[in-house]
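A.B. asks: Quick one: structure below, then a few questions.
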(Lines of atoms letter the chains of each structure in order from A and count residues from 1; the text may use other names and numbers.)
(Lines give C-alpha, C1' and ligand atoms only; values in the text may rest on other atoms or scores of the structure.)
Protein backbone atom coordinates (compact mmCIF):
# COMPACT_ATOMS: atom_id res chain seq x y z
CA UNK A 1 0.00 0.00 0.00
CA UNK A 2 1.45 3.34 -1.01
CA UNK A 3 2.19 5.62 1.94
CA UNK A 4 0.12 8.41 0.36
CA UNK A 5 -2.86 6.08 0.01
CA UNK A 6 -2.52 5.05 3.63
CA UNK A 7 -2.41 8.66 4.85
CA UNK A 8 -5.49 9.61 2.81
CA UNK A 9 -7.31 6.55 4.12
CA UNK A 10 -6.26 7.46 7.64
CA UNK A 11 -7.75 10.92 7.18
CA UNK A 12 -10.96 9.49 5.74
CA UNK A 13 -11.16 6.88 8.46
CA UNK A 14 -10.59 9.20 11.38
CA UNK A 15 -13.12 11.75 10.13
CA UNK A 16 -15.69 9.03 9.38
CA UNK A 17 -14.89 7.33 12.65
CA UNK A 18 -15.48 10.41 14.73
CA UNK A 19 -18.40 11.68 12.70
CA UNK A 20 -20.60 8.71 11.87
CA UNK A 21 -23.96 9.36 10.23
CA UNK A 22 -25.70 10.92 13.22
CA UNK A 23 -25.83 14.68 13.20
CA UNK A 24 -27.66 15.62 16.35
CA UNK A 25 -28.68 19.20 16.92
CA UNK A 26 -29.04 20.15 20.55
CA UNK A 27 -32.67 20.29 21.57
CA UNK A 28 -34.22 22.39 24.27
CA UNK A 29 -36.16 19.34 25.44
CA UNK A 30 -34.66 15.91 24.84
CA UNK A 31 -37.88 14.12 25.84
CA UNK A 32 -39.98 16.18 23.39
CA UNK A 33 -37.45 15.57 20.63
CA UNK A 34 -37.52 11.78 21.12
CA UNK A 35 -41.33 11.71 21.40
CA UNK A 36 -41.64 13.53 18.07
CA UNK A 37 -39.01 11.35 16.38
CA UNK A 38 -40.37 8.02 17.59
CA UNK A 39 -44.12 8.66 17.70
CA UNK A 40 -46.37 7.90 20.66
CA UNK A 41 -46.72 4.13 20.15
CA UNK A 42 -42.98 3.40 19.98
CA UNK A 43 -42.22 5.96 22.69
CA UNK A 44 -44.60 4.25 25.12
CA UNK A 45 -43.36 0.78 24.20
CA UNK A 46 -39.71 1.74 24.76
CA UNK A 47 -40.40 3.47 28.08
CA UNK A 48 -42.27 0.36 29.27
CA UNK A 49 -39.33 -1.83 28.23
CA UNK A 50 -36.86 0.49 29.98
CA UNK A 51 -38.77 0.49 33.27
CA UNK A 52 -39.41 -3.28 33.12
CA UNK A 53 -35.69 -3.95 32.54
CA UNK A 54 -34.70 -1.81 35.54
CA UNK A 55 -37.47 -2.78 37.99
CA UNK A 56 -37.90 -6.45 37.18
CA UNK A 57 -40.08 -7.34 40.18
CA UNK A 58 -42.66 -4.53 39.95
CA UNK A 59 -46.24 -5.48 39.01
CA UNK A 60 -47.43 -4.70 35.48
CA UNK A 61 -49.99 -2.08 36.62
CA UNK A 62 -47.27 -0.10 38.41
CA UNK A 63 -45.21 0.10 35.23
CA UNK A 64 -48.19 1.11 33.08
CA UNK A 65 -48.91 3.94 35.53
CA UNK A 66 -45.27 5.16 35.32
CA UNK A 67 -45.31 4.96 31.50
CA UNK A 68 -48.55 6.95 31.27
CA UNK A 69 -47.13 9.64 33.55
CA UNK A 70 -43.94 9.94 31.46
CA UNK A 71 -45.97 10.02 28.23
CA UNK A 72 -48.26 12.79 29.49
CA UNK A 73 -45.21 14.75 30.60
CA UNK A 74 -43.58 14.28 27.17
CA UNK A 75 -46.73 15.63 25.49
CA UNK A 76 -46.57 18.72 27.71
CA UNK A 77 -43.00 19.27 26.55
CA UNK A 78 -43.93 18.77 22.89
CA UNK A 79 -46.54 21.53 23.30
CA UNK A 80 -44.04 23.82 25.06
CA UNK A 81 -40.37 22.86 25.19
CA UNK A 82 -39.64 25.51 27.79
CA UNK A 83 -42.21 24.12 30.26
CA UNK A 84 -40.96 23.17 33.72
CA UNK A 85 -38.49 20.21 33.84
CA UNK A 86 -38.66 19.69 30.06
CA UNK A 87 -34.98 20.60 29.78
CA UNK A 88 -33.90 17.74 32.08
CA UNK A 89 -31.92 14.83 30.63
CA UNK A 90 -33.73 11.55 30.01
CA UNK A 91 -31.61 9.85 32.69
CA UNK A 92 -32.72 12.45 35.21
CA UNK A 93 -36.39 12.17 34.22
CA UNK A 94 -36.41 8.35 34.17
CA UNK A 95 -34.31 8.02 37.33
CA UNK A 96 -36.56 10.46 39.20
CA UNK A 97 -39.57 8.43 38.09
CA UNK A 98 -38.04 5.10 39.17
CA UNK A 99 -37.23 6.58 42.56
CA UNK A 100 -40.90 7.45 43.18
CA UNK A 101 -41.78 3.73 43.45
CA UNK A 102 -42.96 3.36 47.04
CA UNK A 103 -41.88 -0.27 47.47
CA UNK A 104 -38.35 0.24 46.10
CA UNK A 105 -36.54 -0.53 49.38
CA UNK A 106 -38.60 -3.58 50.37
CA UNK A 107 -38.66 -5.08 46.87
CA UNK A 108 -35.11 -4.35 45.72
CA UNK A 109 -33.11 -3.82 48.92
CA UNK A 110 -29.86 -1.96 48.32
CA UNK A 111 -30.91 -0.86 44.81
CA UNK A 112 -32.88 1.86 46.63
CA UNK A 113 -29.52 3.38 47.63
CA UNK A 114 -29.05 4.36 43.96
CA UNK A 115 -31.66 7.08 44.50
CA UNK A 116 -29.32 8.98 46.83
CA UNK A 117 -26.82 9.40 43.96
CA UNK A 118 -26.68 12.08 41.26
CA UNK A 119 -26.59 11.42 37.52
CA UNK A 120 -24.67 9.82 35.85
CA UNK A 121 -23.75 7.69 38.92
CA UNK A 122 -27.41 6.98 39.64
CA UNK A 123 -28.04 5.39 36.23
CA UNK A 124 -24.80 3.37 36.49
CA UNK A 125 -26.01 2.15 39.87
CA UNK A 126 -29.38 1.04 38.42
CA UNK A 127 -27.56 -0.75 35.57
CA UNK A 128 -25.40 -2.68 38.05
CA UNK A 129 -28.53 -3.98 39.76
CA UNK A 130 -30.04 -5.49 36.59
CA UNK A 131 -30.48 -9.20 37.26
CA UNK A 132 -29.72 -11.67 34.44
CA UNK A 133 -31.37 -14.50 36.36
CA UNK A 134 -34.33 -12.86 38.10
CA UNK A 135 -36.33 -14.93 40.53
CA UNK A 136 -39.51 -14.89 38.43
CA UNK A 137 -41.93 -17.76 37.83
CA UNK A 138 -41.63 -19.44 34.42
CA UNK A 139 -44.11 -18.08 31.91
CA UNK A 140 -47.05 -20.48 31.56
CA UNK A 141 -48.90 -20.30 28.26
CA UNK A 142 -52.71 -20.17 28.79
CA UNK A 143 -55.18 -22.05 26.57
CA UNK A 144 -55.46 -20.63 23.05
CA UNK A 145 -59.10 -19.55 23.53
CA UNK A 146 -58.18 -17.72 26.74
CA UNK A 147 -55.36 -15.87 24.94
CA UNK A 148 -57.56 -14.98 21.95
CA UNK A 149 -60.28 -13.62 24.24
CA UNK A 150 -57.71 -11.49 26.09
CA UNK A 151 -56.32 -10.27 22.76
CA UNK A 152 -59.77 -9.26 21.46
CA UNK A 153 -60.92 -7.72 24.75
CA UNK A 154 -57.96 -5.36 25.06
CA UNK A 155 -55.31 -5.63 22.38
CA UNK A 156 -53.19 -2.76 23.73
CA UNK A 157 -52.94 -4.21 27.25
CA UNK A 158 -52.29 -7.69 25.84
CA UNK A 159 -49.28 -6.43 23.85
CA UNK A 160 -47.97 -4.29 26.71
CA UNK A 161 -48.01 -7.40 28.93
CA UNK A 162 -45.88 -9.19 26.33
CA UNK A 163 -43.30 -6.37 26.33
CA UNK A 164 -43.32 -6.28 30.13
CA UNK A 165 -42.95 -10.03 30.66
CA UNK A 166 -40.12 -10.41 28.12
CA UNK A 167 -38.25 -7.27 29.19
CA UNK A 168 -38.24 -8.07 32.91
CA UNK A 169 -36.86 -11.57 32.22
CA UNK A 170 -34.30 -10.27 29.71
CA UNK A 171 -32.96 -6.98 31.10
CA UNK A 172 -30.59 -6.46 28.16
CA UNK A 173 -33.00 -7.39 25.34
CA UNK A 174 -32.33 -5.09 22.37
CA UNK A 175 -35.29 -2.73 22.84
CA UNK A 176 -36.08 -1.70 19.23
CA UNK A 177 -35.87 -5.38 18.27
CA UNK A 178 -38.31 -6.25 21.07
CA UNK A 179 -40.82 -3.86 19.46
CA UNK A 180 -40.35 -5.87 16.24
CA UNK A 181 -41.08 -9.12 18.14
CA UNK A 182 -44.19 -7.53 19.68
CA UNK A 183 -45.41 -6.54 16.20
CA UNK A 184 -45.00 -10.17 15.06
CA UNK A 185 -46.74 -11.37 18.23
CA UNK A 186 -49.68 -9.10 17.43
CA UNK A 187 -49.81 -10.27 13.80
CA UNK A 188 -49.84 -13.93 14.91
CA UNK A 189 -52.88 -13.37 17.15
CA UNK A 190 -54.68 -11.18 14.61
CA UNK A 191 -54.34 -13.95 12.02
CA UNK A 192 -54.76 -17.10 14.12
CA UNK A 193 -57.62 -16.04 16.39
CA UNK A 194 -59.73 -15.90 13.19
CA UNK A 195 -58.55 -19.32 11.96
CA UNK A 196 -60.66 -22.49 11.95
CA UNK A 197 -58.02 -24.31 14.00
CA UNK A 198 -56.64 -21.56 16.21
CA UNK A 199 -54.12 -23.76 18.03
CA UNK A 200 -52.60 -25.29 14.88
CA UNK A 201 -52.12 -21.78 13.48
CA UNK A 202 -50.94 -20.00 16.64
CA UNK A 203 -48.79 -22.41 18.66
CA UNK A 204 -46.03 -22.99 16.06
CA UNK A 205 -45.78 -19.21 15.58
CA UNK A 206 -45.49 -18.63 19.35
CA UNK A 207 -42.86 -21.38 19.64
CA UNK A 208 -40.86 -19.79 16.83
CA UNK A 209 -41.10 -16.33 18.43
CA UNK A 210 -40.05 -17.73 21.80
CA UNK A 211 -36.99 -19.50 20.38
CA UNK A 212 -35.97 -16.56 18.19
CA UNK A 213 -36.51 -14.20 21.13
CA UNK A 214 -34.26 -16.21 23.43
CA UNK A 215 -31.57 -16.31 20.73
CA UNK A 216 -31.88 -12.56 20.10
CA UNK A 217 -31.62 -11.84 23.83
CA UNK A 218 -28.49 -13.99 24.20
CA UNK A 219 -26.80 -12.36 21.17
CA UNK A 220 -27.48 -8.90 22.55
CA UNK A 221 -26.21 -9.93 25.98
CA UNK A 222 -22.85 -10.77 24.40
CA UNK A 223 -22.72 -7.36 22.71
CA UNK A 224 -23.44 -5.63 26.03
CA UNK A 225 -20.89 -7.78 27.87
CA UNK A 226 -18.32 -6.95 25.20
CA UNK A 227 -18.94 -3.21 25.64
CA UNK A 228 -19.18 -3.31 29.44
CA UNK A 229 -16.27 -5.64 30.18
CA UNK A 230 -13.86 -5.03 27.32
CA UNK A 231 -14.71 -1.50 26.12
CA UNK A 232 -15.80 -0.09 22.78
CA UNK A 233 -12.51 -1.01 21.06
CA UNK A 234 -13.44 -4.69 21.46
CA UNK A 235 -16.95 -4.08 20.15
CA UNK A 236 -15.66 -2.02 17.20
CA UNK A 237 -13.24 -4.80 16.28
CA UNK A 238 -16.12 -7.31 16.35
CA UNK A 239 -18.24 -5.00 14.19
CA UNK A 240 -15.44 -4.36 11.65
CA UNK A 241 -15.00 -8.11 11.17
CA UNK A 242 -18.73 -8.88 10.92
CA UNK A 243 -19.65 -5.97 8.63
CA UNK A 244 -16.64 -6.62 6.37
CA UNK A 245 -17.89 -10.20 5.91
CA UNK A 246 -21.42 -8.95 5.18
CA UNK A 247 -20.40 -6.05 2.93
CA UNK A 248 -17.18 -7.12 1.17
CA UNK A 249 -17.75 -4.65 -1.68
CA UNK A 250 -17.98 -1.63 0.64
CA UNK A 251 -14.91 0.59 1.04
CA UNK A 252 -13.08 0.59 4.36
CA UNK A 253 -14.20 4.17 5.12
CA UNK A 254 -17.84 3.14 4.61
CA UNK A 255 -17.50 0.11 6.89
CA UNK A 256 -15.79 2.31 9.51
CA UNK A 257 -18.66 4.77 9.43
CA UNK A 258 -21.22 1.99 9.92
CA UNK A 259 -19.14 0.53 12.76
CA UNK A 260 -19.03 3.88 14.56
CA UNK A 261 -22.79 4.24 14.33
CA UNK A 262 -23.53 0.65 15.29
CA UNK A 263 -21.28 1.06 18.33
CA UNK A 264 -23.22 4.17 19.35
CA UNK A 265 -26.58 2.40 18.97
CA UNK A 266 -25.54 -0.62 21.03
CA UNK A 267 -23.76 1.46 23.66
CA UNK A 268 -27.01 3.39 24.15
CA UNK A 269 -29.21 0.30 24.39
CA UNK A 270 -26.81 -1.54 26.71
CA UNK A 271 -26.69 1.58 28.85
CA UNK A 272 -30.47 1.78 29.19
CA UNK A 273 -30.79 4.78 26.83
CA UNK A 274 -33.54 3.08 24.85
CA UNK A 275 -35.16 6.13 23.24
CA UNK A 276 -31.85 7.40 21.85
CA UNK A 277 -30.92 3.86 20.79
CA UNK A 278 -34.14 3.26 18.84
CA UNK A 279 -33.99 6.71 17.25
CA UNK A 280 -30.35 6.27 16.19
CA UNK A 281 -31.05 2.76 14.91
CA UNK A 282 -33.81 4.16 12.68
CA UNK A 283 -31.37 6.81 11.40
CA UNK A 284 -28.77 4.14 10.66
CA UNK A 285 -31.32 2.08 8.69
CA UNK A 286 -32.27 5.21 6.73
CA UNK A 287 -28.61 5.95 5.97
CA UNK A 288 -27.94 2.38 4.83
CA UNK A 289 -30.95 2.41 2.53
CA UNK A 290 -29.98 5.77 1.03
CA UNK A 291 -26.43 4.50 0.40
CA UNK A 292 -27.08 0.94 -0.76
CA UNK A 293 -24.86 1.32 -3.80
CA UNK A 294 -21.76 1.87 -1.69
CA UNK A 295 -22.66 -0.79 0.92
CA UNK A 296 -24.22 -3.97 -0.51
CA UNK A 297 -26.38 -5.28 -3.33
CA UNK A 298 -28.41 -7.32 -0.79
CA UNK A 299 -30.13 -4.42 0.99
CA UNK A 300 -32.85 -3.64 -1.53
CA UNK A 301 -35.59 -5.95 -0.29
CA UNK A 302 -34.97 -4.87 3.32
CA UNK A 303 -35.28 -1.22 2.41
CA UNK A 304 -38.79 -1.65 0.99
CA UNK A 305 -40.13 -2.79 4.38
CA UNK A 306 -41.63 -0.70 7.21
CA UNK A 307 -39.23 0.56 9.92
CA UNK A 308 -39.11 -2.27 12.49
CA UNK A 309 -38.97 -4.97 9.81
CA UNK A 310 -36.43 -2.96 7.83
CA UNK A 311 -33.99 -2.64 10.76
CA UNK A 312 -34.35 -6.34 11.61
CA UNK A 313 -33.86 -7.33 7.98
CA UNK A 314 -30.72 -5.17 7.65
CA UNK A 315 -29.26 -6.72 10.81
CA UNK A 316 -29.86 -10.25 9.48
CA UNK A 317 -29.02 -9.60 5.82
CA UNK A 318 -26.95 -12.28 4.04
CA UNK A 319 -23.37 -11.67 2.98
CA UNK A 320 -22.88 -9.89 -0.33
CA UNK A 321 -20.76 -11.60 -2.99
CA UNK A 322 -17.04 -11.09 -2.64
CA UNK A 323 -15.40 -8.88 -5.33
CA UNK A 324 -13.76 -11.14 -7.90
CA UNK A 325 -10.38 -9.45 -8.16
CA UNK A 326 -9.19 -8.99 -4.58
CA UNK A 327 -5.37 -9.00 -4.51
CA UNK A 328 -3.32 -11.09 -2.09
CA UNK A 329 -3.03 -9.61 1.39
CA UNK A 330 0.64 -10.49 1.64
CA UNK A 331 1.73 -7.51 -0.50
CA UNK A 332 0.50 -4.86 1.96
CA UNK A 333 0.77 -6.71 5.25
CA UNK A 334 3.85 -8.94 4.92
CA UNK A 335 5.99 -8.09 1.90
CA UNK A 336 5.83 -4.29 2.11
CA UNK A 337 8.79 -2.57 3.72
CA UNK A 338 6.38 0.09 5.06
CA UNK A 339 4.47 -2.24 7.40
CA UNK A 340 6.09 -0.96 10.61
CA UNK A 341 5.93 2.65 9.44
CA UNK A 342 2.21 2.35 8.66
CA UNK A 343 1.57 0.49 11.91
CA UNK A 344 3.42 3.03 14.06
CA UNK A 345 1.63 5.95 12.42
CA UNK A 346 -1.88 4.80 13.41
CA UNK A 347 -2.01 1.38 15.04
CA UNK A 348 -5.76 0.97 15.36
CA UNK A 349 -6.46 2.18 11.83
CA UNK A 350 -3.81 -0.12 10.36
CA UNK A 351 -5.11 -3.10 12.34
CA UNK A 352 -8.69 -2.13 11.44
CA UNK A 353 -7.77 -2.18 7.75
CA UNK A 354 -6.03 -5.53 8.16
CA UNK A 355 -9.13 -6.94 9.85
CA UNK A 356 -11.40 -5.48 7.13
CA UNK A 357 -9.28 -6.93 4.32
CA UNK A 358 -8.98 -10.34 5.98
CA UNK A 359 -12.67 -10.57 6.93
CA UNK A 360 -14.04 -9.61 3.50
CA UNK A 361 -11.98 -12.45 2.01
CA UNK A 362 -13.12 -14.98 4.64
CA UNK A 363 -16.87 -15.29 5.10
CA UNK A 364 -16.02 -18.93 5.98
CA UNK A 365 -14.26 -17.91 9.23
CA UNK A 366 -15.97 -17.12 12.52
CA UNK A 367 -15.74 -13.51 13.69
CA UNK A 368 -13.92 -14.71 16.80
CA UNK A 369 -11.28 -16.47 14.67
CA UNK A 370 -10.77 -13.31 12.58
CA UNK A 371 -10.27 -11.32 15.79
CA UNK A 372 -7.74 -13.90 17.04
CA UNK A 373 -5.82 -13.55 13.76
CA UNK A 374 -5.81 -9.75 14.08
CA UNK A 375 -4.59 -10.11 17.66
CA UNK A 376 -1.81 -12.47 16.57
CA UNK A 377 -0.82 -10.06 13.78
CA UNK A 378 -0.74 -7.17 16.27
CA UNK A 379 1.44 -9.18 18.69
CA UNK A 380 3.85 -10.05 15.86
CA UNK A 381 4.16 -6.40 14.79
CA UNK A 382 4.69 -5.25 18.39
CA UNK A 383 7.57 -7.74 18.66
CA UNK A 384 9.03 -7.39 15.15
CA UNK A 385 8.87 -3.63 14.70
CA UNK A 386 11.27 -3.36 17.65
CA UNK A 387 13.66 -5.98 16.18
CA UNK A 388 16.90 -5.32 14.28
CA UNK A 389 15.43 -6.63 11.01
CA UNK A 390 11.64 -6.17 11.25
CA UNK A 391 10.88 -7.55 7.79
CA UNK A 392 12.81 -10.75 8.39
CA UNK A 393 11.00 -11.09 11.73
CA UNK A 394 7.41 -10.75 10.42
CA UNK A 395 7.96 -12.43 7.01
CA UNK A 396 6.36 -15.71 8.17
CA UNK A 397 3.45 -14.17 10.11
CA UNK A 398 0.75 -15.66 7.86
CA UNK A 399 2.18 -19.17 8.37
CA UNK A 400 1.76 -18.67 12.12
CA UNK A 401 -1.99 -18.23 11.56
CA UNK A 402 -2.40 -21.86 10.46
CA UNK A 403 -2.77 -23.48 13.93
CA UNK A 404 -5.24 -20.75 14.93
CA UNK A 405 -7.38 -21.58 11.89
CA UNK A 406 -7.11 -25.35 12.29
CA UNK A 407 -8.18 -25.39 15.97
CA UNK A 408 -11.82 -24.27 15.41
CA UNK A 409 -12.00 -26.22 12.13
CA UNK A 410 -11.09 -29.45 13.95
CA UNK A 411 -13.37 -28.64 16.87
CA UNK A 412 -16.37 -28.15 14.57
CA UNK A 413 -15.54 -31.29 12.58
CA UNK A 414 -15.20 -33.50 15.69
CA UNK A 415 -18.31 -32.17 17.40
CA UNK A 416 -20.45 -32.38 14.28
CA UNK A 417 -19.36 -36.00 13.82
CA UNK A 418 -20.31 -36.69 17.45
CA UNK A 419 -23.67 -34.96 16.93
CA UNK A 420 -24.42 -37.01 13.78
CA UNK A 421 -23.57 -40.18 15.69
CA UNK A 422 -25.53 -39.43 18.89
CA UNK A 423 -28.43 -37.11 18.01
CA UNK A 424 -29.20 -33.94 19.98
CA UNK A 425 -30.22 -35.32 23.40
CA UNK A 426 -27.24 -37.67 23.77
CA UNK A 427 -24.90 -35.03 22.32
CA UNK A 428 -26.12 -32.65 25.05
CA UNK A 429 -25.39 -35.38 27.60
CA UNK A 430 -21.84 -35.79 26.27
CA UNK A 431 -21.32 -32.03 26.67
CA UNK A 432 -22.88 -32.12 30.15
CA UNK A 433 -20.34 -34.72 31.26
CA UNK A 434 -17.49 -32.84 29.55
CA UNK A 435 -18.33 -29.47 31.15
CA UNK A 436 -19.19 -30.88 34.59
CA UNK A 437 -15.74 -32.49 34.69
CA UNK A 438 -14.11 -29.20 33.65
CA UNK A 439 -15.97 -26.93 36.10
CA UNK A 440 -17.79 -29.08 38.69
CA UNK A 441 -18.19 -26.14 41.11
CA UNK A 442 -20.74 -24.45 38.82
CA UNK A 443 -24.35 -24.92 39.95
CA UNK A 444 -26.24 -27.87 38.46
CA UNK A 445 -29.08 -25.76 36.92
CA UNK A 446 -26.49 -23.55 35.17
CA UNK A 447 -24.53 -26.56 33.86
CA UNK A 448 -27.76 -28.11 32.55
CA UNK A 449 -28.95 -24.87 30.89
CA UNK A 450 -25.58 -24.08 29.29
CA UNK A 451 -24.89 -27.65 28.11
CA UNK A 452 -28.38 -28.00 26.62
CA UNK A 453 -27.81 -24.78 24.69
CA UNK A 454 -24.29 -25.78 23.64
CA UNK A 455 -25.82 -29.02 22.36
CA UNK A 456 -28.22 -27.11 20.11
CA UNK A 457 -25.22 -26.06 18.00
CA UNK A 458 -25.48 -29.44 16.24
CA UNK A 459 -28.97 -28.98 14.83
CA UNK A 460 -28.27 -25.31 14.15
CA UNK A 461 -24.93 -25.57 12.35
CA UNK A 462 -23.82 -29.12 11.46
CA UNK A 463 -26.28 -29.45 8.55
CA UNK A 464 -24.89 -26.33 6.87
CA UNK A 465 -22.39 -26.44 3.98
CA UNK A 466 -18.73 -26.51 5.04
CA UNK A 467 -18.17 -22.80 4.33
CA UNK A 468 -20.89 -21.77 6.79
CA UNK A 469 -20.27 -24.24 9.59
CA UNK A 470 -17.48 -22.51 11.49
CA UNK A 471 -19.00 -19.00 11.55
CA UNK A 472 -22.30 -20.53 12.66
CA UNK A 473 -20.85 -22.84 15.32
CA UNK A 474 -18.13 -20.79 16.92
CA UNK A 475 -20.03 -17.53 17.04
CA UNK A 476 -23.04 -19.37 18.52
CA UNK A 477 -20.83 -21.02 21.16
CA UNK A 478 -19.48 -17.57 22.10
CA UNK A 479 -23.04 -16.42 22.79
CA UNK A 480 -23.84 -19.48 24.95
CA UNK A 481 -20.58 -19.29 26.91
CA UNK A 482 -21.27 -15.62 27.59
CA UNK A 483 -24.42 -16.74 29.40
CA UNK A 484 -22.25 -18.98 31.60
CA UNK A 485 -19.92 -16.02 32.27
CA UNK A 486 -22.79 -13.66 33.13
CA UNK A 487 -24.38 -16.15 35.56
CA UNK A 488 -21.03 -17.06 37.09
CA UNK A 489 -20.08 -13.42 37.65
CA UNK A 490 -23.12 -13.01 39.89
CA UNK A 491 -22.08 -15.92 42.14
CA UNK A 492 -18.45 -16.83 41.35
CA UNK A 493 -17.46 -20.36 42.41
CA UNK A 494 -14.67 -21.37 40.02
CA UNK A 495 -11.37 -19.57 39.38
CA UNK A 496 -11.10 -21.40 36.06
CA UNK A 497 -14.41 -19.97 34.85
CA UNK A 498 -13.46 -16.48 36.04
CA UNK A 499 -10.13 -16.74 34.20
CA UNK A 500 -11.69 -17.91 30.91
CA UNK A 501 -14.43 -15.27 31.14
CA UNK A 502 -12.31 -12.24 31.99
CA UNK A 503 -8.89 -12.65 30.38
CA UNK A 504 -9.83 -12.33 26.71
CA UNK A 505 -13.17 -12.06 24.94
CA UNK A 506 -11.90 -13.65 21.71
CA UNK A 507 -10.19 -16.53 23.49
CA UNK A 508 -13.07 -17.48 25.77
CA UNK A 509 -14.20 -20.47 23.72
CA UNK A 510 -10.68 -21.91 23.21
CA UNK A 511 -10.04 -21.34 26.92
CA UNK A 512 -13.10 -23.41 27.90
CA UNK A 513 -12.31 -26.04 25.25
CA UNK A 514 -8.80 -26.44 26.68
CA UNK A 515 -9.93 -27.01 30.29
CA UNK A 516 -9.25 -30.52 31.61
CA UNK A 517 -10.74 -32.55 34.46
CA UNK A 518 -10.50 -30.48 37.65
CA UNK A 519 -8.17 -32.61 39.79
CA UNK A 520 -8.46 -30.29 42.80
CA UNK A 521 -12.23 -30.78 43.06
CA UNK A 522 -13.45 -32.68 46.13
CA UNK A 523 -16.27 -34.97 44.92
CA UNK A 524 -19.75 -34.22 46.21
CA UNK A 525 -21.11 -36.69 48.77
CA UNK A 526 -23.77 -39.04 47.40
CA UNK A 527 -27.25 -37.82 48.28
CA UNK A 528 -30.03 -40.37 47.76
CA UNK A 529 -32.59 -37.53 47.87
CA UNK A 530 -31.21 -36.18 44.57
CA UNK A 531 -32.04 -39.50 42.91
CA UNK A 532 -35.49 -39.98 44.44
CA UNK A 533 -38.32 -39.61 41.92
CA UNK A 534 -42.11 -39.69 42.10
CA UNK A 535 -45.12 -40.39 39.87
CA UNK A 536 -45.24 -36.73 38.71
CA UNK A 537 -42.24 -37.64 36.52
CA UNK A 538 -44.68 -39.47 34.22
CA UNK A 539 -46.79 -36.40 33.41
CA UNK A 540 -43.84 -34.17 32.48
CA UNK A 541 -43.30 -33.05 28.88
CA UNK A 542 -40.44 -34.68 26.97
CA UNK A 543 -38.26 -31.59 27.51
CA UNK A 544 -38.95 -31.54 31.27
CA UNK A 545 -38.11 -35.26 31.50
CA UNK A 546 -34.82 -34.63 29.71
CA UNK A 547 -33.94 -31.82 32.13
CA UNK A 548 -34.69 -34.12 35.12
CA UNK A 549 -32.46 -36.85 33.69
CA UNK A 550 -29.71 -34.38 32.80
CA UNK A 551 -29.84 -32.90 36.31
CA UNK A 552 -29.31 -36.42 37.69
CA UNK A 553 -26.42 -36.94 35.25
CA UNK A 554 -24.64 -33.77 36.42
CA UNK A 555 -25.08 -34.83 40.05
CA UNK A 556 -23.61 -38.26 39.24
CA UNK A 557 -20.54 -36.67 37.64
CA UNK A 558 -20.14 -34.30 40.60
CA UNK A 559 -20.21 -37.38 42.85
CA UNK A 560 -17.82 -39.41 40.65
CA UNK A 561 -15.85 -37.02 38.37
CA UNK A 562 -13.64 -39.87 37.14
CA UNK A 563 -16.51 -42.18 36.18
CA UNK A 564 -16.01 -43.69 32.72
CA UNK A 565 -18.38 -43.16 29.81
CA UNK A 566 -19.47 -46.79 30.11
CA UNK A 567 -20.27 -46.47 33.83
CA UNK A 568 -22.33 -43.31 33.28
CA UNK A 569 -24.10 -44.81 30.28
CA UNK A 570 -25.00 -47.90 32.32
CA UNK A 571 -26.51 -45.82 35.13
CA UNK A 572 -28.44 -43.56 32.72
CA UNK A 573 -29.80 -46.56 30.79
CA UNK A 574 -30.98 -48.10 34.08
CA UNK A 575 -32.53 -44.77 35.01
CA UNK A 576 -34.49 -44.58 31.73
CA UNK A 577 -35.67 -48.21 32.16
CA UNK A 578 -36.70 -47.58 35.79
CA UNK A 579 -38.74 -44.47 34.87
CA UNK A 580 -40.36 -46.22 31.89
CA UNK A 581 -41.29 -49.25 34.01
CA UNK A 582 -42.89 -47.18 36.80
CA UNK A 583 -44.74 -44.89 34.39
CA UNK A 584 -46.40 -47.98 32.89
CA UNK A 585 -47.31 -49.43 36.32
CA UNK A 586 -50.90 -49.29 37.60
CA UNK A 587 -49.78 -47.80 40.92
CA UNK A 588 -47.03 -45.47 39.74
CA UNK A 589 -46.18 -43.93 43.12
CA UNK A 590 -45.84 -47.36 44.76
CA UNK A 591 -43.52 -48.45 41.95
CA UNK A 592 -41.28 -45.37 42.36
CA UNK A 593 -41.21 -45.95 46.15
CA UNK A 594 -40.19 -49.60 45.70
CA UNK A 595 -37.91 -49.43 42.64
CA UNK A 596 -36.28 -46.07 43.51
CA UNK A 597 -34.06 -47.32 46.37
CA UNK A 598 -33.02 -50.33 44.22
CA UNK A 599 -31.97 -47.94 41.42
CA UNK A 600 -30.00 -45.80 43.90
CA UNK A 601 -28.22 -48.86 45.35
CA UNK A 602 -27.43 -50.26 41.88
CA UNK A 603 -26.10 -46.85 40.76
CA UNK A 604 -23.81 -46.56 43.77
CA UNK A 605 -22.50 -50.07 43.15
CA UNK A 606 -21.93 -49.36 39.44
CA UNK A 607 -19.93 -46.22 40.22
CA UNK A 608 -17.99 -47.63 43.17
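Cβ atoms are placed via backbone N, Cα and C, with glycine included.
The model shown is predicted, which means the values in this text are computed figures rather than measured ones.
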A.B. asks: Which of these, 37, 80, 518, does Swiss-Prot say binds Ca(2+) 2 at the same site as 279, 283?
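C.D. replies: The one candidate that Swiss-Prot places in that Ca(2+) 2 site: 37.
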A.B. asks: Per Swiss-Prot, what member of 30, 40, 41, 503 joins 268, 273, 276 in binding Ca(2+) 1 at one site?
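C.D. replies: Looking through 30, 40, 41, 503, the residue Swiss-Prot assigns to the Ca(2+) 1 site is 30.
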A.B. asks: Among 91, 129, 152, which residue does Swiss-Prot name as a further Zn(2+) binder in the site formed by 271, 273?
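C.D. replies: For Zn(2+), Swiss-Prot names 271, 273; of 91, 129, 152, the listed one is 91.
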A.B. asks: When DSSP states are folded down to helix, strand and coil, where does residue 273 (Zn(2+) binding site) land?
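C.D. replies: Its secondary structure by DSSP: coil.
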A.B. asks: So which recorded positions are near residue 289 (disulfide bond), with CA atoms within 10 Å, out of 91, 201, 271, 302, 582?
C.D. replies: 302
A.B. asks: About how far apart, in whole Å, are the alpha carbons (Cα) of residue 269 (disulfide bond) and residue 279 (Ca(2+) 2 binding site)?
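C.D. replies: Pair distance, Cα basis, whole Å: 11 Å.
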A.B. asks: Give me the Cα-Cα distance between residue 501 (disulfide bond) and residue 192 (disulfide bond), rounded to a whole Å.
C.D. replies: 44
A.B. asks: If you measure from the C-alpha of residue 462 (disulfide bond), which of the recorded positions 37, 86, 99, 115, 279, 485 fall inside 10 Å?
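C.D. replies: Cα within 10 Å of residue 462 (disulfide bond): none.
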A.B. asks: If you count other C-beta atoms within 10 angstroms, which of the recorded positions 27, 91, 271, 558 is the most crowded?
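C.D. replies: Neighbour-count leader: 558.
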A.B. asks: State the Cα to Cα distance, in Å, between residue 224 (disulfide bond) and residue 271 (Zn(2+) binding site), rounded to an integer.
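C.D. replies: Cα-Cα, rounded: 8 Å.
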A.B. asks: Hey, how far is residue 302 (disulfide bond) from residue 283 (Ca(2+) 2 binding site), Cα to Cα, in Å?
C.D. replies: 15
